[in-house]
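Chemist: Below are the structure tokens for one structure; questions will follow.
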Amino acid sequence: MSDIIKYKIGVYPGSFDPITYGHLDVLKRSLNIFDKVIVAVACNKKKPYLFSQSKRIELINGTIKEDSDIDSERVEVVGLKGLLVKYVESIGAKVIIRGLRAVSDFEYELQLATTNRTLNPDIETIFMMTAEKYSFLSSTIVKEISRLGGDVSSMVPSAIAEELLKIYSKGENDETLM
């Protein structure tokens, strides 16, 4: 039986708008594989965000510090601008971490992984399935439930739920989605 190789650094990119328990599940399990995980918070100017990149970084850092199951000394949260593979190269990492909720995520994620591998064949992408109890969960669903006045406390940490409540308690929530 061979020893498990533990990589030094894994980069976990995403918009995390907001971070959910599904994201945190992937992060926690990534720490079993990597000495350090860098959470790279993306900012795509063509994509509308509820929270600014700096606010998302702040919320993730606060969540990590409050979660006793996460060794916060081994996690760094950074803002990502530009090509992901260029960032991964610049810090000397070799692995990108991507979470998958369901088979429906796989086609898009495979396309991204193949593109990244074309740009740099030395960088691998690993896919981690979220725990089954989070397989339905997305930031978009969390925002919609919160916007419509629903309770998201089982989907996101309390600090995130409070921030969502602050935002959505100010607006009109008369549209229906679900």
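In case you wondered, yes, glycine gets a Cβ from its N, Cα and C as well.
Predicted automatically and left uncurated, TrEMBL annotations should be read as such.
On a predicted model such as this, the values are computed, not experimentally measured, just so you know.
What TrEMBL records for this protein is below:
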BINDING   Ser15, Phe16, His23, Gly99, Leu100, Arg101, Glu109, Tyr134, Ser135, Phe136, Leu137, Ser138, Ser139, Thr140  ATP binding site
BINDING   Ser15, Lys47, Leu84, Arg98  substrate binding site
DOMAIN    11-144  domain 'Cytidyltransferase-like'
SITE      His23  site 'Transition state stabilizer'
Chemist: Going by Cα-Cα distance, which of the binding-site residues (Lys47, Leu84, Arg98) sits nearest to His23 (ATP binding site)?
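Modeler: For His23 (ATP binding site), the closest Cα among Lys47, Leu84, Arg98 is found at Arg98.
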Chemist: Within 10 Å of the Cβ of Ser135 (ATP binding site), how many other Cβ atoms can you find? Include all protein chains, please.
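Modeler: Taking every protein chain into account, the count is 13.
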Chemist: Out of these binding-site residues, Leu84, Leu100, Leu137, which one has the fewest other C-beta atoms within 10 Å of its own C-beta?
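Modeler: Fewest other Cβ atoms within 10 Å, among the binding-site residues Leu84, Leu100, Leu137, is found for Leu100.
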Chemist: Between Leu137 (ATP binding site) and Arg98 (substrate binding site), what is the CA-CA distance rounded to a whole number of Å?
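Modeler: Cα to Cα, Leu137 (ATP binding site) and Arg98 (substrate binding site) are separated by 15 Å.
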Chemist: Under 8 Å Cβ-Cβ from Arg98 (substrate binding site), six or more apart in the same chain: what's there?
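Modeler: Spatial neighbours, sequence-distant, of Arg98 (substrate binding site): Tyr12, Pro13, Glu109, Leu112, Ala113, Thr125, Ile126, Phe127, Met128.
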Chemist: Output, ordered by sequence, the same-chain residues six or more apart from Lys47 (substrate binding site) with a CB under 8 Å from its CB, or 'none'.
Modeler: Ser15
Chemist: Please give the average pLDDT for the domain 'Cytidyltransferase-like' (11-144) in this predicted model.
Modeler: 94
Chemist: Write out the long-range same-chain contacts of Ser139 (ATP binding site), meaning residues 6 or more apart in sequence whose Cβ is under 8 Å from its Cβ.
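Modeler: For Ser139 (ATP binding site), the qualifying residues are Ser15, Phe16, Asp17, Pro18, Ile19, Thr20.
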Chemist: Using the alpha carbons only, what distance in Å do you get between Leu100 (ATP binding site) and Leu84 (substrate binding site) once rounded?
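Modeler: With the alpha carbons as reference points, the distance is 18 Å.
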Chemist: Name the secondary structure element type, per DSSP in three states, that contains Leu137 (ATP binding site).
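Modeler: For Leu137 (ATP binding site) - judged by DSSP and reduced to three states - the answer is coil.
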Chemist: Just name the most isolated of the binding-site residues Ser15, His23, Glu109, going by other Cβ atoms within 10 Å of its Cβ.
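Modeler: If we count Cβ atoms within 10 Å for the binding-site residues Ser15, His23, Glu109, the smallest count is at Glu109.
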